[in-house]
Each structure stands twice: as C-alpha cells, then as structure tokens.
Amino acid sequence: MSIKSDKWIRRMAQEHGMIEPFVERQVRGEGANRVISFGVSSYGYDVRCADEFKVFTNINSATVDPKNFDEKSFVDIKSDVCIIPPNSFALARTVEYFRIPRNVLTICLGKSTYARCGIIVNVTPLEPEWEGHVTLEFSNTTTLPAKIYANEGVAQMLFLESDEECEVSYKDRGGKYQGQRGVTLPRT
C-alpha cells in the first residue's frame, strides 16, 4: 500500500468525482478572515464540517446502546458553530461527499488545531467502494465547553492505494452506511 499525493487526489476528484465539492488547494484565509485550513494538502485532503450537528445530551437518563440507540439522546443544531458540553460529544458530517475507489482505503485523522484544545475527531476508515457524506464524531475531553466551526477544516483524509483490488468491497457486501447523506446515527 502506498499513500497518495496531492496530484493523485486532484486527478481522482476532478476526473472521477472522488470528492465533491472539491477544493484543489489548501485554504487558510487571511487576517481577520483566517479559518482552520481545508482542501488538498501534500498527501491528504482536509475536510470541512457542515453546519448540521447532533449534540449528545442525557436529559432522558438513557443508557447508550449501539444496538438500540435512542435518537432522543441528541439535540439537533444548525449553525456556523457548535458548542459541545464538557466531557460530551457531537456528531456532524463532512461538507464533502466521497466515492472511494475499489483499490483504496481512506483513513481519517483529526487536525492538530482541535487536538491541542482537547477536541478529538473520530472516524472509521472509508472502505473500498464506499460512498457518502462522512459522519464525524467530536469528543470534548475537557471540563469546559468546546467550539466546533462549520465550513472549516476538521480532519484530514489519507488515501492508501493497494497493489491489488479486494475480492469484496463495501459496496459488494451492501454496507449499511453506503450512500449516507447527512448526519447518520448508528445502525445494526
């Protein structure tokens, strides 16, 4: 497996729709308009967070059960920022829609800007031939409220290309998150 460069990412996005919408350079903004960077980097793509969030709340004193998740455990927010309560988490989605090639596995890592503030981004790998908006999980590990900015960079995708195609892709096995749009809750 080899990690793919900015040239490969640009070509795959422009010719094969791997990332839509696609930003072909790294955007940082200037002066008072600085943003947390997004777009193509040397060996990855920095994704943006959309403006729709689901913030975890325990007002119903529920038990968190991944096999029987209660949608009422979240408060829906549509905003340019999301405040995550101390020691809690929120779900969001990427602005970008991904179409992963059959011979590629994509790994997501959080941006250091958030990590240095105690905000951890978690995403499972994007498997071969998976497509959809990526659901992002933000954990606030601090004892203070934490802010997430919509339409700015939140994580970096790294594309690993195999020297051979897999026998069975995510699409082949009818993965339960195939084609997801919006913030997607757990499915079993």
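Note that Cβ sites are derived from N, Cα and C of the backbone, with glycine treated the same way.
According to Swiss-Prot, the feature active site, proton donor/acceptor maps to Glu137, an assignment based on sequence analysis. Sequence annotations record features per position, and here Swiss-Prot assigns dCTP binding site to Lys111, Ser112, Thr113, Tyr114, Ala115, Arg116, Thr135, Leu136, Glu137, Gln156, Tyr170, Gln180 based on sequence analysis.
Shown on the structure are the features that Swiss-Prot records.
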residue	record	CB count, 10 Å
Lys111	dCTP binding site	19
Thr113	dCTP binding site	14
Ala115	dCTP binding site	13
Thr135	dCTP binding site	20
Glu137	active site, proton donor/acceptor	15
Tyr170	dCTP binding site	20
(request) Round to the nearest Å and give the CA-to-CA distance linking Tyr170 (dCTP binding site) with Glu137 (active site, proton donor/acceptor). (result) 21
(request) Find the longest CA to CA distance in the recorded dCTP-binding set Lys111, Ser112, Thr113, Tyr114, Ala115, Arg116, Thr135, Leu136, Glu137, Gln156, Tyr170, Gln180; express it in Å as a whole number. (result) 33
